[in-house]
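Undergrad: My structure is below; once you've seen it, I'll send some questions.
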Amino acid sequence: MSRNQSREARPNREVAQTVSERVYVETQGCQMNDYDAERLVDVLVSQAGARRVDRPEEADLLLLNTCSVREKAQEKVFSQLGRWRRYKQDNPTVLIGVGGCVASQEGAEILRRAPFVDLVFGPQTLHRLPQMLARRRSGASAQVDVDFPEIEKFDHLPQPRAEGPTAYVSVMEGCSKYCSFCVVPYTRGDEISRPVADVLAEVRSLAEQGVREVNLLGQNVNAYAGALDDGERADLGLLIEAVARIPGIDRIRFTTSHPAEFHSGLIDAYRDVPELADFLHLPVQSGSDLILKLMKRGHDIAAYEALIDQIRAVRPGLVLATDLIVGFPGETEAEFEETLAMVDRVGFDGGAFSFVYSPRPGTPAAELHDGVPEADKRAWLQRLQARLHEQQSAAARALLGTRQSVLIDGPSRRDPRELSGRTSGNRVVNFPGDPSWIGRFAEVEITDARTHSLRGRVVSVEGQAMHAAVGAGG
C-alpha cells in the first residue's frame, strides 16, 4: 500500500462535519498551478463531498489559484476578488479562498486588503483546505496557512482523476536556483522531490484510467532527485525510464528545466527512451553573458548552445522552445543584439515565452537600478517576437505534406465539430474526425500550416480500419 493510500484510508472527523460544497476554481499562471487546481478539487471532492461547478454564481466556495511571476500579479488578484465580492454580498454563506503563489507571498496581508476573504493557503498547504474550510464554516475567523511543510501535501492527496488522455504529474516542488529576477523560491520554497514510488503510483493510476501521455512537472524539474526504495536517489532520466515502462503510457513530457542542471542522464533519455517526446522547453532568458551573470543563471551562452548541440545530436527531430526576458537592468542595445544573434544561431522552432522585465518584490534584481527606457524595452520585445515568429512559422511550413503521429485529446478549440491533438513535437493539429477516436493515436497528413497550429487529414487511427483519408486541406 502506498503512502497516499494509507493516508487516504484514515477518516477525517473534522472534515466530516463540512456541508457539501459547490466549488468554483479560477487558475492563473503555469502548468504547476493547473495541476494544483485539479488536485485541490480532488481533495475537496474526496474529503468534503464537494462538486465542481462551471460558473462562479453557482458556487458556495470560490477559489482563486494565483500566480506571482509577472508584473502586477497582486493587483490582478485583488481586482478579481473585488469582482467576486458581490457574490458574498448577495449570499453571505458564500466563502472566498485565495491560494497559489500570491497567497504564499502576501499571507495575512490579503485579509487586510480584502477583509471579505475567508481562506488563504499556499501551494504547499492546499491539502489542508478541507480542515480550514470546516473551521471557517463552524464559525472560526478567517483561516491563513501558507507554511512550507516540505513534501507533506502529497501524502494527503487522493489519487488523481483523469480527465482525458493527457495528464500532469508533479514530481517535485520549489526551486533552489535563486535567479535574481525570480520569485518562485520565495513562494514555493526550495526544491523537494517526491519519492520515485509515489510518482510511479500516480502515473499507474492515471494509466489505468486511460491516460496515454504524462507531463512531469517541477519548477526546476531536471533537478529531480527522488528517493528509491533502497535509499539511493534517482535523477529525472531514470524516472523517465521507469515511467516509460508503465503499461499504457506512450508519451512523456517534462517541464520546466534549467540549463545548469541538465545532466547526462537526461540526454541519455532522449537517446534511449522513444516514449520521451521530441520536445524541450529550456529557458535561456538572454543571449548576453553579462545579463546572464546579473540574472545569476549559473551558466554562459556558450554552455547553453553546447548543451542544445548535445541533445540534438541524439534526438535530431527535437523541437525547442524557451523563455526570454528583455529590458533587464543594465541591458543595452548591444546586449539585446546578442540575444537576437543567439536566437538566430540556436533556432527556437517551438516558440518562446518572451516578456519585458518586471521587478518582483523581494528579489535581488528588484534592487538593481533600472535605467532602460520603457520605449526601448517595448521596441526590443517587438523585434524579438518578430524574429521568433519567423522561426516558428518556417518550422510549421516545413511540415506540410509530412505525416505526424498525433495523440487525439479532444474537440478542437478552433471548431468544436472537429478534433485536435498534439504531435510529439508539441504542435497542435486540427482535423475532422469521429469523437470516438479521442484518446487514440492517429497518423495525420499535414495540409495547412499556421504559426501556432497545423491542419491535416487523418490517414490512419490506432485500432481503426480506415478506407480513405479523412479530412481536407485549407
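In case you wondered, yes, glycine gets a Cβ from its N, Cα and C as well.
Below, the features straight out of Swiss-Prot:
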{"type": "BINDING", "residues": "CYS30, CYS67, CYS101", "note": "[4Fe-4S] cluster 1 binding site"}
{"type": "BINDING", "residues": "CYS175, CYS179, CYS182", "note": "[4Fe-4S] cluster 2 binding site"}
{"type": "DOMAIN", "residues": "21-138", "note": "domain 'MTTase N-terminal'"}
{"type": "DOMAIN", "residues": "161-395", "note": "domain 'Radical SAM core'"}
{"type": "DOMAIN", "residues": "397-460", "note": "domain 'TRAM'"}
Undergrad: In Å, rounded, how far does the Cα of CYS182 ([4Fe-4S] cluster 2 binding site) sit from the Cα of CYS101 ([4Fe-4S] cluster 1 binding site)?
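TA: If we compare the Cα positions of CYS182 ([4Fe-4S] cluster 2 binding site) and CYS101 ([4Fe-4S] cluster 1 binding site), the gap is 12 Å.
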Undergrad: Over the span of the domain 'Radical SAM core' (161-395), how high is the average pLDDT in this prediction?
TA: 96
Undergrad: Centre the Cβ atoms of CYS175, CYS179, CYS182, go out 8 Å, and tell me which other residues of that chain have a Cβ in range of the [4Fe-4S] cluster 2 site.
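TA: Going along the sequence, the neighbours appear as LYS177, TYR178, PHE181, VAL183, VAL184, PRO185, GLN219, ASN220.
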Undergrad: Tell me the Cβ contacts of CYS67 ([4Fe-4S] cluster 1 binding site) under 8 Å, same chain only and six or more apart in sequence, or just say none.
TA: GLN28, GLY29, CYS30, ASN33, ALA73, GLY100, CYS101, VAL102
Undergrad: Of CYS30, CYS101, CYS179, CYS182, which of the binding-site residues has the most Cβ neighbours inside 10 Å?
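TA: Within the set of binding-site residues, the most crowded position is CYS101.
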Undergrad: Is it possible to list how many residues within the domain 'TRAM' (397-460) are helical, extended or coil according to DSSP?
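TA: Once the DSSP states are binned, the domain 'TRAM' (397-460) shows 4 helix, 34 strand, 26 coil.
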Undergrad: Please give me the CB contact count at 10 A for CYS175 ([4Fe-4S] cluster 2 binding site), counting all chains in the structure.
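TA: Summing over all protein chains shown, CYS175 ([4Fe-4S] cluster 2 binding site) has 23 other Cβ atoms within 10 Å.
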Undergrad: Looking only at the domain 'MTTase N-terminal' (21-138), what are its DSSP counts of helix, strand and coil residues?
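TA: Per DSSP, the residues of the domain 'MTTase N-terminal' (21-138) fall into 63 helix, 22 strand, 33 coil.
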Undergrad: Can you check what DSSP calls CYS182 ([4Fe-4S] cluster 2 binding site), collapsed to helix, strand or coil?
TA: coil
